Amino acid sequence: MASTAGAPPPIKDDYLAKLAKRKALKEKNIKYWEDDALKAKPPLDSSLKKHTTLLNRLRSALLTTSAEAFLKELDGLTLTKYTEEIRTAVLEGISGTAAKGKADVEGAVEVVTHLHARLAPDFYPSFLPELISITNEAQNVAPTTSGAGNDKDREREEKDRISRMRPVLRMIAELSLVGAWEGHEGGKAMKGVQPEDIGPTYVLDRLTYLMSNDPQYNNIPLLVTFLKSYKRAYLGLDEQGDAAAAAKEGSAEEELVPAAFREKFRKTFEDYFRTAGKALVKGQTKLLEQDKRNQEAYIKAGEIFEDRQHAYERMVKAVEKLQNGVQSLADLLNMKVPEAPTALGISKTSLQIVDSGPAFGKDGEDHLAGGIWDDDEERKFYEDILDLAHEVPPSILGLKQNGEVEQVEPEILSPPTKTLSIHELDEDVPMEVENDIKEDMDDDAGEKPPVVEDDGDPLQSGPAARLAAIFAALPEANNRTIIDKLAADFAYLNSKPARKRCYKFLGSVPKTRTDLLPHYARFAATLNKYMPDIGIGLVAILDEEFKYLQRKKLVKELESVRIKNIRFYGELAKFKVAQPHTILHVLQVCVSDLTGPNVDNVANLLESCGRFLLRSEDTKEKAKTLVEIMRRKQSAQHFDTRQQLVLENAYYQCNPPERVQREQVQLTPVEAFIEHLLHDVLMKKTVDKVLKLLRKLHWEDEEVYGNILRAFTEIWELKYGNIPMVAMLVYDLQKYHLGFSLAVVDQVLEDVRAGMEDNIFKYNQRRISTIKYLGELYMYRVVNTPVIFDVLWSLISFGHVEGLPIPGRSSPIDSADDFFRIRLVCALLDTCGGCFDKGSSKKKLDQFLVIFQLYCLCKQEMPMDVEFMLSDTLETIRPKMVPFKNFLEAAEATDELLATMSQDVLPDDDDDEEESDGESEGEHRGDDDKEEDEDVDGAENVHETRIDDDDDDENVVLIKDVKEEEYDQEEEDAFNREFAKMLADTTDARKVDRKTAPPVFDTAVPLIRRQQQQQAQQDAIPTEAKANHMQFSLLSKKGNKQQIRSLDIPVDSAIAVNSLSQQEKTRQEQEQMKRLVLQNERRQEASEKAAWEQNMRSRGIRVKYTDG
């Protein structure tokens, strides 16, 4: 195929502008292939953080960031220790993701050249082969099975592959021009090849590979990209097309690619173009043959099957894609596209393939689900019309004595218009209508909408005022009762001028008040039975307006007028004011010219009265035919997305598809009763009533018990505001059914854990209700504080390897962009977080909030609603706390928290040594669980005491004090004197109560020296008893004397086993905390050591470690 002298494509040839820069880069590449690496000016930064930032930028912004910024950053870093990482990052930056917008390949080549200079000679030998190997991915995507989903996936994958390969191919071509391979040996395949030929050889090899491994011609976009960017450099000047450019550059201009290779490149591209042209002609021929077969199949069967149509559509897309690619190559190579086998265009033949299947099926009626009206209320509005004869005297309505309506005056009838019957519509009417419209369009361009002239018949002042009042009230009438009343009022004013003013007023409804059309149509329908000239005049106004709008189809400003006109037609049709043939004529005119505004006209008409037309006996046959034509044209013609959408919506609104009725679950009477109690009856005032009714159920029956348990655990099915009342019921029921409360709590905790394991989006609302339920159960003392804190910690740690998320590391069930766990924590804290405001629970919550903020900052940037929720929660439970602003502050606070916790743990580990030295004292520990129980004496601020089972020693009684401070004997004596005085003052008043009430042990608990007591007890207990028993100290009082006795409890008893398990659990927690602290210290030491070594190396001091 010979080249032609056609005009070259409008591509900007900047070869000369880039020539000087390319030569400079070529000299730089060749120099550092032979010389040592380029030494940057000190000082150079060798920190891991700076290099990591550089690597991230190379991966994500190599093709989009200017080269100057990268060069400046490279010259400030050492780079030598990270050669492999830099090579990998550059390759990922080139091929990882397609750059948004135009990729700056020349800048990326400049950065790569500078990296070669800094890292010579280790960078290019490993970088260039891997860059070449990336193009092996550019193979044709294998065809998959037919189907719309597979086709879309394949097209998306192919598009992504082309986007990734474009910058890779350009990088290879650009690096070849700047001499990146001239110092490279090229391997065994390149032996005997001149250094300046190695780069073009690689480029030609890659292009040949893309051409030969592409039977579907999917790589044409890559070749087009190559020609647009490097046609002048690799193919040279055209003999005819680039003559002017050759004269401008001159014959002495030096070329970057040898002449022999330029001829090879041109010949390769021309051969490929000829092969693609032959494939295009072959594809067009097959397409025409398939089109002919489809037409024959349509004539025989009356429709085209779906698989045949999908195959044809795929063939059309493939041929169009190949045609566009061949046309682009022809423009770039100055060659001629081969002629199509026939004169028919592919776009025209594709229009012949339509969705010819009937819209309603053969039987038609079977596919029309439902009746004319959507519901009974709509039916009453359109069919139950007020009979004015029951409201107004017959003489006023113009009725004769026999009940007939007087004949309407001839001049009232509609203007002379061409109206057709339903049977006449079956003829070829649309062409006549179009001819009439074309004749009317030759009229004045400044023609105004038609206005019905008033004959000037006067109205007396009284009736005129009453008529004006009726017209003023009509726009405010929003129900049929008011409309009927106004119609009856108008009937008393019945006269020819009043009727004329009436239909003129109704026809001049504002174009933006389409909400008035149903009420105005009902008003006209109510009067039309006895005053037919109102309906005739109103339809005449709409007809004239419709004709005008058909002449002005290109005027966009009349869009709202068109909507009002068509919808008014539809409303009058449903009230049977407009004759059926009139509405069908309007629909046929719009369907016959289904373009522009008529698309919206058809959609609006079908939406307003399509259901009525398709189901009325007088209109259904013709309406179905018109809708069939509309559906065929919708498939055959090209419509934009909006037009397609409005037509689809209109069709399915007038002919909705059959819906399978969802099966309703049949509940047993007991289940229905339980749901009735919890859904309908339960509220704050009826909690006691619901409790009594629930207690009356047959709890011993397993089925009834299961129904109750299911109703109380599936909390998401109840109203969100009723969750506190349900928790209150659980608290009240635990007095009578303790196992039920335990089962509810167990299931709630299981639901919380299951939600974290699955993390399914559709169950998020469920999880919110469950976590709210858990908080309310705590508020009603069904669960205790440790349970809440266990759930809180699990919400931020579950699913992460090290217990917390790490920036840059994502978890499959808690990704960095998933913020729902933050919502759960906020919901739980909003419910019960206000209770943790004193004692050790306050300290625990403060510790959790530190780690929780660290967890939040490990996520991506939070959405605004989550951020507001988090700030509101923190402000509610800790108003004075200042949230962390960034991850660094949170990390420092976490380190301080861990250090503080390690200091609290370490003295317990050395407990035995302190006791051996005789310096240990009783530890003071808080008891959160006691704060939740009721105060026996009614004093809320009195701190109770208990035996601390968490200590390492088994036989030590630990006394809880308010403050952990040094023991003061004088203050203790003063307190005892005041307390004894208070007891003496109230002795007489309490004598009567003491006779009936049991004695209360309300003496102040003394402090006990643990080491002295332990030594005395150990001396008195034989060795064998110690082996099989466990000692506990019992504090008692006899008279005014306090006594402490040692009790030997068998080790297999419940209290001993519980105590030992608690001690073991505490010991393991202490060991875990100690291990975390030691790991943190080791990391800090290693970091400080590395920083010190780096500082020494920057000063020129070499550090060497020796044994001993």
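Heads up, the Cβ atoms here are built off N, Cα and C, so glycines get one too.
Database features (TrEMBL):
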REGION    139-161  region 'Disordered'
COMPBIAS  139-148  compositional bias 'Polar residues'
COMPBIAS  150-161  compositional bias 'Basic and acidic residues'
REGION    440-459  region 'Disordered'
DOMAIN    467-657  domain 'MIF4G'
DOMAIN    671-880  domain 'MIF4G'
REGION    905-955  region 'Disordered'
COMPBIAS  906-920  compositional bias 'Acidic residues'
COMPBIAS  929-938  compositional bias 'Acidic residues'
REGION    1077-1108  region 'Disordered'
COMPBIAS  1077-1091  compositional bias 'Basic and acidic residues'
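Across the compositional bias 'Basic and acidic residues' (1077-1091), DSSP classifies residues as 15 helix, 0 strand, 0 coil. According to DSSP, the secondary structure content of the compositional bias 'Basic and acidic residues' (150-161) in residues is 12 helix, 0 strand, 0 coil. Tertiary neighbourhood of the compositional bias 'Basic and acidic residues' (1077-1091): same-chain residues 895, 898-899, 901-902, 905, selected by CB-CB distance under 8 Å and a gap of 6+ residues from either end.
If you average pLDDT over the domain 'MIF4G' (467-657) in this model, you get 89.
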